[in-house]
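**Student:** Here TrEMBL flags 186-217 as compositional bias 'Basic and acidic residues'. Sequence annotations record features per position, and here TrEMBL assigns compositional bias 'Polar residues' to 234-244. Summarising the annotation, TrEMBL assigns domain 'Shelterin complex subunit TPP1/Est3' to 7-107. Under the heading region 'Disordered', TrEMBL lists 186-267.
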Amino acid sequence: MTTFLRKPWIKNYVTQVAETSGVDLSSLKWHQGTKKVQIIEFLTYGTQNPDSPDTVIWARISDKFHHIPVRFSADSVAKYRQEKQKHLTSEKTALITISQFRLIHCRIPERLHRTNSADTVSKLTSDAYLAIECTEFSAIGSFGDPKIGEPVAFDSTDELAHYAVELRKPGGSANFLKIRAQEKEARLNERKASKGDKDATKKGKAKQLESDKDTTTKTRHTSPGPVDAIAGPSSHSQAYQIRSTKTKVRGDFTPTPSLTRRSARRS
């Protein structure tokens, strides 16, 4: 079942929440998608009395690459016991899928060493930490198998560690990843807008060039051809000029051919 865990997602999920919600985790919506994890240890065991109602169970889950604390709701624990006829903590490890969860910031139980006689009351951490709250999960198998991979804490990177620390401070200091993501998106939108303007300019120039080509083509079709250009005036125009009584040439008036013929007859 080592192929069950292929893609890391825990660190990416926390980063995405930090970049979109920042300090405001109280209004974070439940993630509805299914994710695969391995329970690698339990932080609390709850009651082992079958007649007692189930309680919240704290554990640590891994995606093979990173691990994070998880808080299983009492209802989800009760549903598991009803389906499997055993308590969730009856095995040390298990492969499960979680299908409704969200990121929370709270004090978590410190690692608890279970005794055979009874569960020791767990002690909560003095500071708040990031964890996952899960209300729906399903068991896949591999109960009691060794831990898969060598997962490290999801906040082992400086940025997420700083984010977890800043969440403990009032005033919204934990919004630094959200602000950076917004600035990055703004720069990206500016580049897209600039590229869009350039593309629009290129399209405009191409459209104008195409329009100029169309105009040139139409002009060629409508202008007179070489034969028409050298054909000279039409016969109607020549007859009109012959019948004219006077023709202006270089500023002087000269008799028309018809007047010249009449004068020759008279003489």
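Along the chain as shown, residues are numbered 1 onward.
Yeah, the Cβs are placed from backbone N, Cα and C, and that goes for glycine too.
Curation does not apply to TrEMBL; its annotations are automatic.
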**Student:** Using a Cβ cut-off under 8 Å, which residues of the same chain at least 6 positions beyond either end of the compositional bias 'Basic and acidic residues' (186-217) come close to it?
**Tutor:** none
**Student:** For the compositional bias 'Basic and acidic residues' (186-217), what does DSSP give as the number of helix, strand and coil residues?
**Tutor:** 32 helix, 0 strand, 0 coil
